[in-house]
Amino acid sequence: MDSPCPVAVGLPGHTNGTGGTSSPTCNQSMIKLAPYSPEATAAFATAITLMMLITIVGNILVIIAVLTSRSLRGPQNLFLVSLAAADILVATLIIPFSLANELMGYWYFRSVWCEIYLALDVLFCTSSIVHLCAISLDRYMSISRAVTYGPKRTPKRIKCAILVVWLISAVISFPPLLSMNKNKGGGESGALPQCQLNDERWYILYSTIGSFFAPCLIMILVYMRIYQIAKQRTRCPPGEPRKEAPANATTPQHKIQNGRGDETPGTLQKKARPPTLAVSQVESVQQAANTPIANNLLQAPSTTLTPTTPCPSPSPSNSSEVAPSKSKEGKKEKKKKKNNKNKNKKEPDNNNGESMSSDSDTEQGGRGLEVPCTPTMTPSGIHSPATMQKYRDMIATAKGAKLVARKAKQDGTPNSARRKAMVNREKRFTFVLAVVIGVFVICWFPFFFSYSLQAVCPESCALPEPLFKFFFWIGYCNSCLNPVIYTIFNKDFRRAFKKILCKNTKGTFF
């Protein structure tokens with residue numbers, strides 16, 4: 001085998017040790033040392049250069065978008081700024097030297113820079129995944145402890161957390177500076193200088209676990225917990241009433257008050273149609289609506305009822321409908337109530353959408369109820385617009401009153417709309433971060449797994465060198481993917497990027 005040139009290869013007019021020109025043997029060795037053909041070298045260099053440009057430009061756009069867009073100015077997005085800065089450093093300080101080392105087949109630069117280069121490579125890669133781990137923990141705290149954690153999530157605290165992330169990354173990447181196993185080459189052996197990854201077993205296990213596997217496990221567990229919490233809140237959102245039971249179901253027992261102040265449980269069967277309670281023919285709609293009920297969900301807050309005359313107790317019945325009374329007394333009472341109908345207002349109960357406005361309801365157990373028939377009402381607040389709005393769903397009929405059961409309307413105040421928009425933005429942001437973490441794991445797992453095999457079984461588990469290099473460069477590709485993910489999956493970033501790129505650049509940042 002021809003011996004390689006004793007010093008740096010590829011310099012024009014290079015002389016040998018005797019002062020003459022390079023020998024044909026040296027020139028042949030130079031050709032043999034080239035790892036790729038000229039065509040492959042040009043294609044590889046073009047692809048990696050394009051990747052570097054996308055990484056730098058895309059992550060600069062991310063930083064500008066977070067710092068200038070109102071919808072992205074939350075303190076938690078400072079994590080994305082730091083993550084984008086790490087990706088920019090990878091594209092400017094790591095990938096160019098890795099590309100030169102790959103295409104030339106040896107380390108052209110000084111050995112001191114090799115030490116710094118390897119340490120920075122591990123530092124930036126570790127900081128990326130530790131950033132993602134910190135972001136996932138921040139997501140979990142904001143979802144599980146929204147009330148207490150929200151006020152604590154200040155820009156100052158987030159910046160302190162980012163500083164801790166970089167310190168942890170530095171602790172993991174610092175040992176290579178103490179113990180490096182580099183193949184410097186040169187000297188008497190004539191070998192070319194190399195700058196390779198540390199192949200000491202202790203450091204391989206230390207760096208792979210600290211830089212990838214431990215943070216990856218934390219992120220997976222945290223996002224599993226986030227998914228469980230989100231699923232629970234989808235079924236029963238906090239602060240909202242539970243959904244109504246199906247129309248053919250039996251409602252739980254309700255407690256209604258009779259004229260003596262006793263609480264009597266009653267069970268009503270829901271029908272397929274809206275529930276209607278028949279009332280006595282001698283009672284008007286207004287009388288039926290004036291029955292005092294314990295549940296006052298629809299009752300005007302300023303309305304006061306004072307029962308004066310109890311109704312006669314009807315016979316026990318297991319039905320929710322009461323037979324009409326045909327007494328003369330009732331007819332007189334009916335005429336009297338018709339004359340005073342403008343003085344009274346309906347006050348139905350809205351317990352789970354059931355109408356309980358009959359003046360002669362009976363409990364299911366068979367005991368009759370005395371319900372007051374002539375309550376008096378204080379005039380304050382009865383005819384206010386708010387009170388009229390509450391009874392919009394009441395439909396008066398000749399036999400009584402019928403309530404159309406429907407779900408309570410959502411609060412339409414600006415605060416609730418703002419809160420809903422914030423919750424939706426948090427959901428979208430959580431989904432985008434889940435995609436970012438998933439892509440990161442897919443890109444870097446093959447490299448870290450194959451690298452750890454060198455410590456576990458260096459001889460039997462060794463991968464082919466081309467495959468290991470492929471995994472190595474796939475990991476670097478992750479640095480340019482985050483801006484693409486933000487653009488595809490988050491409309492806030494998409495809107496911010498469009499605003500940055502399409503606005504008039506006169507007098508602006510550019």
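Including glycine, each Cβ sits where the backbone N, Cα and C put it.
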Worksheet entry | Membrane-side pairing of Ala40 with Glu426, Swiss-Prot annotation | no
Worksheet item: Swiss-Prot annotation: Cys114 disulfide-bonded to which of Cys125, Cys133, Cys160, Cys195?
Response: Cys195
Worksheet, complete the sentence: Feature N-linked glycosylation site (Swiss-Prot), candidate list Asn16, Asn318, assigned to Asn16
Fill in: Between Asp121 (site 'Implicated in ligand binding') and Ser207 (site 'Implicated in catechol agonist binding'): CA-CA distance (Å)
12
Worksheet item: Can you tell me how the residues of the topological domain 'Extracellular' (105-114) break down into helix, strand and coil by DSSP?
Response: 4 helix, 0 strand, 6 coil
Fill in: Candidate recorded positions Cys114, Asp121, Cys195, pick with smallest Cα gap to Ser211 (site 'Implicated in catechol agonist binding')
Asp121
Item to complete: Write down the Cα-Cα distance for Asp121 (site 'Implicated in ligand binding') and Cys114 (disulfide bond), rounded and given in Å.
Response: 10
Worksheet item: How does the topological domain 'Cytoplasmic' (138-159) divide up by DSSP, counting helix, then strand, then coil residues?
Response: 19 helix, 0 strand, 3 coil
Worksheet item: Going through 42-67, 115-137, 433-456 one by one, which has the most CB pairs that fall under 8 Å from the transmembrane segment (79-104)?
Response: 42-67
